[in-house]
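Straight from TrEMBL, the features:
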type	residues	note
DOMAIN	55-291	domain 'G-protein coupled receptors family 1 profile'
TRANSMEM	41-66	transmembrane segment
TRANSMEM	73-99	transmembrane segment
TRANSMEM	105-128	transmembrane segment
TRANSMEM	149-173	transmembrane segment
TRANSMEM	193-219	transmembrane segment
TRANSMEM	240-259	transmembrane segment
TRANSMEM	271-293	transmembrane segment
Amino acid sequence: MSNQLQNTSSLSTAGTWNLLDVRNSSPVRTAELRPLPVSPWDIALCVTGTLISCENAIVIAILFYTPTLRAPMFILIGSLAFADLLAGLGLILNFVFIYMLNTEFATLISVGLLIAAFSASVLNILAITVDRYLSLYNALTYHTERTVTFTYVVVVLIWLVCITLGLLPVLGWNCLRDEASCSICRPVTKNNAVVLAVTFLLVFALMMQLYLQICKIAFRHAQQIAVQHQFMAISTTKGVSTLSVILCTFAACWMPFAMYSIVADSSYPMIYTYATVLPATCNSVINPIIYAYRNPDIQKSLWLACCGCVPSNFSLRPRTSSDV
């Protein structure tokens, strides 16, 4: 994602051409080309991609080798981990393509992979939010209605949509032949970037609405049994705090990039693109912690895989309607 204007910024700092001249320059002018210096921003994105890949590879391995983790919730968590894993690998490949294989086709493949992966990550987070809402709203019939087959169908639909989005640059929806129409993420066009950003804002608005409904349902359940089980009110308060952290983290990571994609274009300084892209990628670092490693079942499997035993003070508490 960061390769869009990388070679332009490095050459312009050397005083050879300006930004527009570099984009439209002919490959014949090889005598003026200099070795591309490594940008610290690209190093940061590559390191972030490595961390993302390692974190989510562990989650996928745990879910794959633990037969008991096959409930719809874990299928969605696995799909999210796979999307973030691809995002991490995409950031690493993007770094390789910038400095070792800087061609148009490599650029299209790299950007397409990142679009598909990050879109799948956002949509899987939305699917997990919907799943949590249904588990509270239809608590009595949830386990009969939300079958594993239905969850797999939802996951397949999510990935079909995201793969289609990722293929658009390769199929010609790019600005390689019309630099004036480029967004802050070359070769994505300005119009496509705006559509993706607005879609993200709609997803975020839907998540906020669902989490508000979750809070209302959780508080109502807690009030109904507060006399017999006082701890439920404490659990609900903790759950609301968790929801606040989830929404604030999601917004802090993605909102700057989404808003900047709407108002800016390729003429804006590249430093601003890097400054908004890096927090967005950090969301994939946080996702495994929020959605996977906090889960008691996954924690137990992780302890068994790493140590061969479970600590004596480890409590595998069943989930209640107040847990989020």
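Indices start at 1 and increase along the chain as displayed.
Each residue, glycine too, has its Cβ placed from N, Cα and C.
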Same-chain residues near the transmembrane segment (41-66), Cβ under 8 Å, at least 6 residues beyond its ends: 1-3, 6, 74, 77-78, 81-82, 84-85, 87-92, 94-95, 98-99, 271, 274, 277-278, 281-282, 284-285, 287-289, 292-293, 298, 301-302, 305
Tertiary contacts of the transmembrane segment (240-259) (same chain, 6+ residues out, Cβ under 8 Å): 122, 125, 197, 200-201, 204, 207-208, 211, 214-215, 218-219, 275-277, 279-280, 282-283, 286, 290, 324
